[in-house]
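Notes for the one structure printed next.
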Number of protein chains: 2
Amino acid sequence: MSLTALRQRIATVSDLLCTLNLLVWDSRTMMPAGGTESRGHQIATATRLARDMIAADQTLELLDQAEQEVAGLPPDDDAHEELRQIRQAVSLHRRVPAELVERRAAIRAKANAAWAAARDANDFAAFAPWLEETVASTRDYADAIGWSEHRYDAMIGLYEPGETVATLQPLFSDLRLGIAPLLEKARERPPAELSGGPFPPSIQAETAKRFAALFGYDFGRGRLDATVHPFEISFTRSDVRITTRFNVQDLRPALFGAFHETGHGLYEQNVDPGYTRSAFATDLVGLYAVGGTSFGAHESQSRLWENHVGRSLRFWRLHFADLQAAFPDALASLTPDQFYAAVTVVRPSLIRVEADELTYDLHIMVRVELEAALMDGGLSVGDLPAAWNDAMRRHLGLTPPDDRRGVLQDIHWSSGMIGSFCTYTIGNVMAAQLFEAAMRVDGVSDGLDRGDYAPLGAWLRDRVWRHGRRRSRTEILQHATGSPLAPDAYIRRLAERYGA
Amino acid sequence: MSLTALRQRIATVSDLLCTLNLLVWDSRTMMPAGGTESRGHQIATATRLARDMIAADQTLELLDQAEQEVAGLPPDDDAHEELRQIRQAVSLHRRVPAELVERRAAIRAKANAAWAAARDANDFAAFAPWLEETVASTRDYADAIGWSEHRYDAMIGLYEPGETVATLQPLFSDLRLGIAPLLEKARERPPAELSGGPFPPSIQAETAKRFAALFGYDFGRGRLDATVHPFEISFTRSDVRITTRFNVQDLRPALFGAFHETGHGLYEQNVDPGYTRSAFATDLVGLYAVGGTSFGAHESQSRLWENHVGRSLRFWRLHFADLQAAFPDALASLTPDQFYAAVTVVRPSLIRVEADELTYDLHIMVRVELEAALMDGGLSVGDLPAAWNDAMRRHLGLTPPDDRRGVLQDIHWSSGMIGSFCTYTIGNVMAAQLFEAAMRVDGVSDGLDRGDYAPLGAWLRDRVWRHGRRRSRTEILQHATGSPLAPDAYIRRLAERYGA
């Protein structure tokens, strides 16, 4: 009875969070410029109502009663895990004062605009006061959540439960050691040739949709649109939308953007339908309608389809002819091997979102190192630009010529999103482990050889997608691969591709 | 203090209702088919939260206190009218039991699907049980709201405050008498010639956007998309969206659909910005984010731009060349006068949404007569198809060959929307009064002569649009034209156009 009422309440929260996702999707794809301020109010209201509903006394009472109701159920009944997750969210949202949530929202609304203006003007000093407020309020937020070893741990845990500064250090250290020699070798490779187009956006869009459908993405429950920054977002598994971007001179951003977002989309579309509107398809801690179990697990699916499937010689030997048929003039003189070479160029660069596969994680290490120092107070905002440039020299051997191409490049900090960067690397690592395990499954690799992605999809659906948030990333990885998170498989894959 | 808190609460309700409008807009323009069920939950949740927030004890307490706070303010202070409107909404939503609201939502969800299937199968009996439940629950709803002379009055008042069965009867009667002789004359006119296209939809869309912009619609705070049934919807005045439909063989639905929705859009875009997120830009009774003051007033703006501006010989003598330039092959052989003749063809027909300007109101009279009889119990659902056909014969001289083209044609009843039809005719009547008054204003008619729509827009902005819901339809009409609602001007306009 109370369990039913509690589930109804969670369903309502889920409806609100799906609605919030639509407000966000629309603001990035369809909304006229004039709508910005009103949309901010609408997003703030939906977020606040969802949070208040989770933190309400009535929810806590229902939860207390529901826990008693399920106490007698068998230990493997889903209700135990369901209530554990709800308890965690209720407890967290009741620990964080509403005043702090409002303060962070108010800072974010202004810091976003200040950051965009400061980046355009290459003026870190103009952003610094907002970043100071963001860091201070994030420290307060982490303290409200609670932490034991490192304040940063509280923030990391919001995006990747179980990870901490202590668990990330050996992972990053192993990766650095594995990547360094590959980077030396990759620098020696001759520059790759690529056509400069033109690639008409409408044909790029059709092509991207064809590949997404080939991978198994269901357009009856989704759509693909154009945006500046590609993303995937869902309003339950029945409506999962992806975007990509179109550059008339360069086909790669649209293609690999679409492969990446298709990976995210496949995860969301294939969560167990029984989890719809429940805690197992809603991030009640982060207040986000999402079926995937962690940011890292989600990124593992996008990276798997983008890099292990799509960025492979096997793939382009099969499909480059389709691409040539779509762009007969622009691609006439290229071979599949040349195209593959052009999509695996390695070149250390200043901008994370433009980084190649091999150097991407080095950008992440820069950010995680600086975030940890900001959170424990070892680094002040005033010293951040110098620290950024120093870290870029150490990790990538490059010195940013200005802050625009340095410390001001990412939107994350202006959004109060401190702690999420590590999940990109965790996604890369997990993707390699899953792909290696999938290759040992009968029929999967044979499928890839003939352009049949259904066997791979079926294995991922069974091992990863369908479990939604019912299982943690650690449980999923252990069950699917027999191992915990470890960088070996990833380094092996990178060595195959870039070490030859 | 309480007034501030109350206004904050209304702002939150407004945010929810703007969000609800986005859920609806998206479902009709962008949503993949798979999203239908989830979207239903999201819409139900947003609606319920808005309703609960208005009906909450806390809102009533704030309202009681706020009324005391404003008691000493000057009588012309806006706060008095603001609180009067909030009081009316709080009182109504507290009178209607939550159980009844839920029941009507549940019926609607199923009745919509049953109606669509019954219409396709031409099977009234399959829809009848749902219509019976709808009528019964609407009667309960009207009784909960309260009424004195006619139960139907309670429902009419939701859409057009102040109108009742008693006020509509003389209006409709005068209109019938005015239209009848015009219809006789119009039937004698020779059939008009019109090109069968092809009219490529993308060029239709560009053309529609050019006309909308010419009328003053601001695309920086709006957009135009394609739908099956054109509509306008807004998420505050900063984001007001319109749609139209594209028929490759017939240009008229796209053009006049766009003119119509542009009229609605102009109203919303020009409500006083100070009313944003307040009771003066939110229908707190109907729970709908809308700046216009009544359904009829809204329709007056769409009809004014569609019929008085766009469906005139003056207009096409000025702009037909633009149309020819957009569709050089399809329109090469037509003159402006021939095109005008083709957009003013009169022919009594079975389907309301396809009706011409002169016979449209006769369709409304059929529906209002039947709705009134259903509400007072004089007509049973079982007798409805025969009553429909009888009314069609009396009002339009036509007998529907089947229920698909008869009693099953409109979606309204399956949506529980009983009482709104009269607002279409009120819109027609009010449009003519406003247009006639505008023609007496210096510069307005001269502007139309040279294709300058700014003087007309400026007068409408001042007399109608900017007032939002601050003034009632009756106040606006009296102030703008010096008269109450009356059919004379409308009949004069129809006689000019169709009586010659």
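Cβ atoms are placed via backbone N, Cα and C, with glycine included.
Look at B:E299 (Zn(2+) binding site): DSSP puts it in a helix. Annotated Zn(2+) binding site per TrEMBL: B:H260, B:H264, B:E299, in sequence order.
Feature annotation from TrEMBL assigns active site, proton donor/acceptor to B:E261. Under the three-state DSSP scheme, B:E261 (active site, proton donor/acceptor) falls in the helix class. Just so you know, the Cβ of B:E261 (active site, proton donor/acceptor) picks up 27 other Cβ atoms within 10 Å once every protein chain is counted.
The residues near the Zn(2+) site, meaning same-chain residues not in B:H260, B:H264, B:E299 whose C-beta sits within 8 angstroms of the mean position of the site's C-beta atoms, are B:E232, B:E261, B:G263, B:H298, B:Q301, B:S302, B:R303, B:W305, B:E306, B:G427, in sequence order. Around the Cβ of B:H260 (Zn(2+) binding site), the number of neighbouring Cβ atoms within 10 Å comes to 24. Every protein chain shown contributes to the tally, and the Cβ of B:H264 (Zn(2+) binding site) ends up with 26 other Cβ atoms within 10 Å.
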